[in-house]
Structure formats: structure tokens, C-alpha cells
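Accompanying notes for the structure given below.
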Amino acid sequence: MGKTLYEKVYEAHVAVAAEGETPILYIDRHLVHEVTSPQAFDGLREKGRQVRQVSKTFATMDHNVSTTTKDINASGEMARIQMETLIKNCQEFGVTLYDINHKYQGIVHVMGPELGITLPGMTIVCGDSHTATHGAFGSLAFGIGTSEVEHVLATQTLKQARAKTMKIEVQGKVADGITAKDIVLAIIGKTTAAGGTGYVVEFCGEAITDLSMEGRMTVCNMAIELGAKAGLIAPDKTTFDYIKGRKFAPTGADWDAAVEYWKTLKTDEDAKFDAVVTLNAADIKPQVTWGTNPGQVIAVDEPIPAPESFSDPVEKASAEKALAYMGLEAGKSLSEYKVDKVFVGSCTNSRIEDMRAAAVVAKGRKVASHVQALIVPGSEQVKAQAEAEGLDVIFKEAGFEWRLPGCSMCLAMNNDRLGPHERCASTSNRNFEGRQGRDGRTHLVSPAMAAAAAIAGHFVDIRDWK
């Protein structure tokens, strides 16, 4: 019987498979940031161990860096300590670090792909739940805990049981104005936020292969939001064209050999998945979350659902709680509610394509007077590219704040956050209670939808904007 893409990558990395034991996988790339690494390095130090493969380990600062200044003190004492500790640890253990003053600094899941650190067929881990982003390249990428970070630093391996497999196929082409973010939110709306639990997902279908690499990264980034361990997309010419010429990409004969191997990284026709989910791309409309998990999502032209519309008692109770927290009334349109803040950024939507999409909407318009709108590029490289294209000028003239790279308002670990009951149109990946600030209300949308909400002062259907 044939094998799935996941099975091919998984099996190629089994280093030890003792009977009755969880297999040990070799890890090709380990990405490190300031929040989940301090205790891991302390563990190495206490046990007298070194980092086994420094050439496969890359660190950056992203979670709590300020987006208004390069001052390491700007986000508070805890943030300063974490960043100073990362500098010390990387110096001591010989790990490459792109700190806040480096031209390659950025959100770890933006920085890795744009430098060619992320390549098809690799195993990639990071102490961060959205590591699945890198699966857009046909790599097996997933988040790990701090004790596992230490284990990978010390051994370049990790115990990892084989997951179940799920195929999510988005058939046909999407309508104009429908983005990767809309696709993945529609998927999660169908599967629910727990539908992928225990699975590694492969995204496929014409609507997926039509996406750019930036779009594919958006989709895989949110695989974790449907409960999956990881999400993969088979590499193709789009993938190879994106990688070629990047800093850590193979060159010459090595490139030719790599591409030949990468072309084998696809699910065999006779492979069997444990579960299959199918969506019709033409049915997908601009999506907006209304609740407190990404599965609580509707098309922008649909009314806010009533709890009674859910047959499952758990979903019904969750909907009641979410509506109360979000300050929403069932049956109303989301466009009836004012937004207070808008955030375009995060490892989901902070790449150059996302900046361009928001700029198209912003150009020649003005942010509503009651709205604070932040544009936070995902890396120094994205920021430089956007500025070379004049996007920063478009944003600033429209009344958006053009910020420095970092995770920013996605998780409120710096000073970018919501106040109590403030409503935010956000391009990030999680709308949990308090995620963007205590009692803050988060609605997940695409960059174009977020920019339009900033200008209108409330949610609008981007398809009506010309």
C-alpha cells in the first residue's frame, strides 16, 4: 500500500525504533526563541552537556520584543531578563542568534522560511505551538515543550509516536477576494477546534495548490487550531521557486539533487488516510470569528449564531459563554459592532503578501477616528521589503501605525494589548479569552478584512469594497 506524505517524512527520520518503545526521530532543524528556552539551556548547564548540533539550531527574539523601540528594557523586566538570558545562552553554547538589532530578526516562523532554514522533507521543532507553519514546505514541523527543547538541544532527537492521518481537501477554486486565512478559518469552522486532535493533517486540492507559499504558511500555521499535531502541504514548483537563492538553501549540484528528492515528497495515489474532510472552495466567503475559539466562525454576511442552534450540549454551553464574553447578541450582524483596535501581524499573517493585501485596502483611505490600527511586519526582512515598495508610507498616510517586527498583539507579551472589553479585528491565530489582553475581545480575519474594519470602524464584507 502507498504512503502519505507524513508517513514518508516520519519514516525517513526514525533513528531508533526499539520494540515496545516510542520511536526516536532525528530532528533536522531546531528553532529557538526567548520564552521557552531559558530552562532548557539551564538543564544543559546543570548536566554538563553541549548543544549537539549548533549548525542546525537557530535562535531569534520575537515574543516579547517591543514594536516601538529596539530598547531591550521597553517590554518590562521579565521580557528583558528573557532576552538577556537568550543572548548569554547563545553565546555560551555557540548557537546562531538573530537578536533585536540583527537584520534577520523576526517572528521565528517568518524568519525560518524566508532564510531557507526551512526545507521540504525536514523535521522541524520549536518551543512554540505554531511551528506547524513550516509544514507548508512539506516538512514535518510541530511545537514542543521546554523539557523537549532541552532534549533536542542535547541529542538532536525526540521521542515521537506515529500520528493518525487526515486529508483535508479544498476542491475547486475560491472566489475573488477569498484568501488563505478565509480558507483555513472555513476549514476549522467545519472540523471544529478539536476535530483534528490526534492527527497530522495534509492540506490538498486545487484551492490549496493555487496558494503562494505565504498563503500555504497561513493555512499550515493554523493546523494546531483544529487540534492537529501538524499540517503539511506537498512541495511543488511554487515551493522550489520560493526557496531557490535563499541564504541557507542548497546551491549547484546540491540544489539539483535536493529538488529531485523533494519531488518524491507527495502522497501516493493508493495511500489511505484515517480521516478525510472535503470542502468546496467556491462556497467559502470572507470569514470572521465570533466566539472564543477559532472554530466559532461565520461568513461575514451571516448572522451571529444562537446557542440553541447547536445540537451538542457542550457546543451550546460554549456558545452561550462566548457570546457573553464577546458582548455579542445572537441574530445580529457582526458589522453592527464597532472595533476599537486592528492588528495586522503575527506568524499567521505578517509576510510581505499580507502587508500588500492590507495596503491595497488602506491606500487613499483613512482609519476611523475611534480606531487604533497596528501594522506589524513579521521580520526585519519583511519590513525592509515593504518599505522598499512604499507600503509603510501608504499605511502611515492612512493613519495606521507602522511598527517594528515581533509577535506583538497576537499574545500581548509586550505593550501591544487590548484593554478590557476592547474589540479587535486581528489577523492572528487565536481568539481565546484574554489572549490579546485581559477581557479583550478578538475577532480573527484576513489582512484585507482587518484593514477594511480599521477604515470603516466596524466589520465589512471585503467583496463590497472596490
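Every residue gets a Cβ built from N, Cα and C, even glycine.
Here Swiss-Prot flags Cys347, Cys407, Cys410 as [4Fe-4S] cluster binding site, drawing on sequence analysis.
Taking the mean position of the Cβ atoms of Cys347, Cys407, Cys410 as the [4Fe-4S] cluster site, the remaining same-chain residues with a Cβ inside 8 Å of that point are Asp62, His63, Ile107, His130, Gly345, Ser346, Thr348, Ser350, Gly406, Ser408, Leu411, Ser428, Asn429.
Compared over the binding-site residues Cys347, Cys407, the count of CB atoms lying within 10 A of a residue's CB peaks at Cys407.
Long-range Cβ contacts of Cys410 ([4Fe-4S] cluster binding site) within its own chain (separation 6+, distance under 8 Å): Phe343, Gly345, Ser346, Cys347, Thr348, Ser426, Ser428, Asn429, Arg430, Arg435, Gln436.
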